[in-house]
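Encoded as C-alpha cells, the structure appears first; notes follow it.
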Amino acid sequence: MDEVTTEAVPETRAARRARREALLRSPLMPAMATVPRPVVVAVTVVLSFLLVAAVRTDAVLVAAGLAWMGLLLAWGWPRLLGSSSRFGSTLAVAVGGVLAPVAAVLPDGRPTLRFVPVALAVGLGFMFGHQIARRDGRPRLTESIGVSSFGLALVALGTTWLPLLETGAAAEVALVGFVGVAVGSLADLAVGVTRLRPWLLPVAMVLGGSGALVAASVVGGPPPAVAALTGLLVAAVSHALRRVLSVLPPLTAIRCQVAAAAAGVLLPGVVAYGVGLVLVG
C-alpha cells in the first residue's frame, strides 16, 4: 500500500491578508479586559476632582496632590507590571513621585520644571543603587529596571500639570483637563457591553470633551475650542493607558487598580501642557 505523504501548503499573501483582516475585525482580547473596574473609575474621578479643587486654590496644593498620586502609583505599580524587585521599584517610584512635584514648586511656590530633572535623577539613583545592592542574583534585571523607569516616566509626565498654573488662563486648561479625565473615565464602565466595546475610545473622548466644555462654562475659561480639544485629548490618552493595563492579570488586586487610576491621571499632563503651551501661551 502506497504511503500518502502530506506536505504543508504554503500560505499565500492573500490568505495572510485575509487572516489579518479577520483578526482586526474580531481582535482577540483576554476575558479580564472585558470586566468593568469600578474601583479604577472611582479612584480616577476622586483624584481628578481633588486636583480640580487644588487648582482653584494654590499650586503648592496641586504639587502635594501629585506627590500623593506618586505614592499611590508606587504602591501598586511594581506588582501590576510584575517587577522582580518590588521593593526597589516601589522605592524608586515613591522617591521620584514625591520629589518631582515638590521640586517643581521650589523655592518660592511658583510652578516650574527647572529642578524636576534633579528630582528624577535622585529617583534613578535609588533605582540603580538598589539593583547594585541586591543579593538575589538579580533575576529579570532588565524587566525590573523597565518597570521602575516606566513609573518614573509617568511621574515626570504628571509633573507637567504644574507649569500650567503659572498663569490664570493656563490654569483653566489644567482645570478642564482634570475634569475631562474624570468624566472620560466613565466610559470604562461600559467595557462589558460587547456592542459598545469597539467604540469606547470615541465615547471617552466625547465624554471628556463635553465635561471640559461644561467646566469651562462654569469657570469662564478657557475658550470653548481649547476646552473641547483639551478634554478630548486628555480623555483619549488616559483611557488608552487604562485599556493597555486592563489586560494585566494583577489588575484584580485593589492596589493595582489604584495604581492604574493614578497613572491615568498623571499621563495626560503632558498633553494638557502641550495644548496650553501652543494655544494659550
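Placed from the backbone N, Cα and C atoms, the Cβ positions cover glycine too.
Heads up, TrEMBL stuff is auto-annotated, nobody curated it.
Annotated features in TrEMBL:
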type     : residues : note
TRANSMEM : 35-53    : transmembrane segment
TRANSMEM : 59-77    : transmembrane segment
TRANSMEM : 89-106   : transmembrane segment
TRANSMEM : 141-162  : transmembrane segment
TRANSMEM : 168-187  : transmembrane segment
TRANSMEM : 199-219  : transmembrane segment
TRANSMEM : 225-245  : transmembrane segment
TRANSMEM : 257-280  : transmembrane segment
Report summary line: Between the transmembrane segment (225-245) and the stretches 89-106, 168-187, 199-219, the largest tally of CB pairs under 8 Å belongs to 199-219
Query raised in the report: the transmembrane segment (141-162): which same-chain residues, six or more beyond its ends, come within Cβ distance under 8 Å?
Result: 51, 59, 62-63, 66, 69-70, 73-74, 77-78, 81-85, 88-89, 92-93, 96-97, 100-101, 104-105, 111-113, 116, 120, 123-124, 127-128, 131, 174, 177, 263, 265-267, 269-270, 272-273
Report summary line: Tertiary contacts of the transmembrane segment (168-187), defined by C-beta under 8 angstroms and 6+ residue spacing from its ends, are 40-41, 44-45, 48-49, 51-52, 55-56, 62, 161, 200-201, 203-205, 207-216, 219-222, 226-227, 230-232, 234-236, 238-239, 242, 261, 264-265, 268-269, 271-272, 275-276, 280-281
